[in-house]
Structure formats: C-alpha cells, structure tokens
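One structure below.
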Amino acid sequence: MKILVINAGSSSLKYQLIDMADESVIAKGLVERIGIAGSMLTHKYGDDQKYEIAREIPDHTAAMHLVIEALLDKRHGVLSSINEIGAVGHRVLHGGEKFSASILIDKAVEDAIEEYIPLGPLHNPANLMGIRACQAVMPKTPQVAVFDTAFHQTMPPKAYMYGVPYEYYEKHHIRRYGFHGTSHRFVSGRAVELWGKPHSRIIVCHLGNGSSMSAVVDGKCFDTSMGLTPLEGVLMGTRSGSLDPAVVEYMAMRENLSVTEVLTILNKKSGLIGISGASSDMRDVNKAADEGNERAKLALEMWAYGVKKYIGSYAAAMGGLDMLVFTAGIGENDGPGREKICEGLEFLGVKLDKEVNLSVRSREAKISAADSKVEVWVIPTNEELAIARDTRDIVTGKN
Ligand code: AMP
C-alpha cells in the first residue's frame, strides 16, 4: 500500500509518498514560503533526483494542487494515476479532548477540526485545506487524521491543569494539551531505544518554525511546553511563547486592539520575527546576527535562554535527566544554536563535544562529550512515517 502523508504547517507543506511494504519513501517534497515572496516546491524522487517548481503559491490549496501535479508529472512524477494512493494521512494540529488517537476522516471529524480552529489558529485551517484539496482530487481515497495532541494525553493533572477556577476545566476543557505529539512520540521512542535501560528521563527539544519541549519518563509524556494552543512555551518563528497573560489586556488598551487582534499579533508577528524585525526563519536570523543586527542577536539570545530554562525545569520535574535530544529543522541543523542552549548546563551533567556538535546536521548522532553524564543526541524526527503507520493500521482495520 502507498500512503501519502500531508503535513501542512503555517507557511510550509511537507509531503511524502511511502511504500508501506518496506516503509521506503517513494517521493517527498516541500512547499516552502507559502504566502511569502519566493515560494517554491521541491520534489525529490528516485536516486536523489530533484524537480523544482518556482511559482507564486498564495495558499495551502494551491500548494496541494501543486503536490498532486508533481506526483503525476510525466517526466518527474512517480505515479501514473492518483488511484495508486491507498490512503492519505494528515497531520492535524488540535484534537481537543475529542481525539486521543488517530481516526478515519468523515464529515463529523472535519467539523470537529473546524470547531477547534480557535485553539489552533495557524494550523487547523491549513490542515483542513489540505484535507479538502485531497478530497477534491481523490474523493474515494480514505483519509486519516493524526493529531498532534494525542501523545501528551499521559500527562498527570498537575502538569496539564492551569491555575484558573476548576469550573473552566469542567465547562470548557481549558487545560494544557501540548502539540508536536507525533514528533515527540517518534523521537522519544527512538531515544528510549538508544538509552536501552528500563528507566529513562528524556527531554526532547523539538525546535522548528514552531517549537516545543517535552519531558518523557519511561517513554510516556510527563509534561510539555505548549498548552491549550501552540502559543505557549518557548519563543518560536512567529509566536511569542509564554508571557504574562496581563500583557494581552495591556496591549489591547494601549494599541486600541481587540483581544483577537492581540492574539493574532502574538501568533503571527511575534517571536523571532517580532524581536529581530528581520525574519521568522532561523537561517535568516542567524545571518542577520552575523552581519551585526543587534535585534537579531537579541532574538537568538532570548530563544536559547528560553529553551535552557525549560531544560532546567523539566530536569527538576523528572528528578534528573538521562538524555537531552534535539530535533526538527533548527534542532537538527543549527549546531551553534544547540551550543548556545547547552552553554552553562554542565552543572546538570550536560557537556557537549563541541566539534562533533558543529559537524552534525540532519542525521542521528550523539553530540555529548565522552565524559558527559547526560547523553545529548540529535535524532531527526520522522512524523511522516509515524503518520503513515497509523494511517495504514486504521485503513487495514488493525487499529
Ligand atoms: P521546521 O518547522 O521543523 O521545518 O523547521 C524550520 C526551521 O528550521 C526554520 O526556522 C529554518 O530556518 C530552520 N533551519 C533549517 N535549516 C537550518 C540551518 N542549517 N541552520 C539553522 N536553522 C535552520
């Protein structure tokens, strides 16, 4: 069975066509800079062959149409008919309290994803557009939703409750949900294997355009940095991360804005872009900082400091730390960023092998020094494979 996995993010759309017979990737690609100048699709297939389409891509629907076009392309495509796709697995951001596992998509599931847009304002609309574009192109192909919130369901109440009146939890289910769950599940699962001992205390730093941290004890999520929505936690590409909630009212008053307008600013115009003024993309922020841009330097300092504080607090929450793991776009590729985060954590037993750390990009590797008490690893995430496995299991009735 061939499964198409769609991961529609805020400004990007990743896809992979996976042959479940051997879990090999037949083709994969990335639509970048959706809605930003310079958008393009990069399609990879076969023996490292690459096909690029540079075109204005205003929204996710246009991006999905371009993916289908690339898969069916006479010269560079890998399919002769769209019917060769047995099922589509979609990464879906927010499942509220309704979904604690992956599920076959029907109208009710779509309605629920729509209902949770206020909880995932950057992603749920993009996920829905991906689902609807696929339905339009291949109406008979089953589609599965794999929720980012599912892995975090094992958190204890002391970690997921907010200190607001209890009735708001009962009436409105206001609590921490956490996101990037498929990635945290995949990466921490691999970390547990690498650690190889029955008891493990692992911190996963998923650092990408969206970023989140998780504390994983014996393979189960114990705490995570994102909350009711993906706005909470560390500083991100366009999101502020945690702040004093009173800032919302104060910003609204001073700038004559509605609460919704303030939240749009916190979701879309804050974080790396808000502080640096240069870009939401870490590569651009690094470049600006190298060129002497003081605000870009400040953004980098704030970013690394925030991640470092989570590492300290999760080590305390778990009563110690065995493995620290970096993953996602920044975590897998930005050696200097990882070094900045780990600087000063020797007291916790974290000691990088600086040379090895700087040499590791996009591959699994241990980056801690031989005498580091805590093992530090880069483990590339593979949300697509995790989604494809769930999708296969659901459509074949194994799940
Ligand atoms: P993701 O959301 O996981 O796709 O990650 C996207 C982020 O990874 C963007 O901020 C990119 O700038 C960042 N990224 C990718 N490659 C690098 C790199 N070589 N150095 C620093 N950041 C990178």
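Just so you know, glycine gets a Cβ as well, placed from its N, Cα and C.
Bear in mind that TrEMBL entries carry predicted annotations, made automatically and left uncurated.
Residues or ranges marked as Mg(2+) binding site by TrEMBL: N7, E383. Per TrEMBL, the feature ATP binding site maps to K14, H206, L207, G208, N209, G210, D281, M282, R283, G329, I330, G331, E332, N333. Sequence annotations record features per position, and here TrEMBL assigns substrate binding site to R91. If you look up TrEMBL, you'll see D148 marked as active site, proton donor/acceptor. Taken from TrEMBL, the feature site 'Transition state stabilizer' covers H180, R239.
For ligand 1, the nearby recorded positions are R283; that is, of K14, R91, D148, H180, R239, R283, these have a C-beta under 6 Å from one of its atoms. The sparsest Cβ neighbourhood within 10 Å, among the listed recorded positions (D148, D281, E332), is found at D281. Its Cβ taken as reference, R91 (substrate binding site) is surrounded by 26 other Cβ atoms within 10 Å in the chains shown. Of all Cβ atoms in the shown protein chains, 26 besides its own fall within 10 Å of the Cβ of I330 (ATP binding site). When the binding-site residues N7, R91, L207, N209, E383 are ranked by how far their Cα is from the Cα of R239 (site 'Transition state stabilizer'), N209 comes first. The DSSP secondary structure for N209 (ATP binding site) is coil. Look at D281 (ATP binding site): DSSP puts it in coil. In the three-state DSSP reading, R239 (site 'Transition state stabilizer') counts as coil. Of the listed recorded positions, namely H180, R283, the sparsest Cβ surroundings within 10 Å are found at R283.
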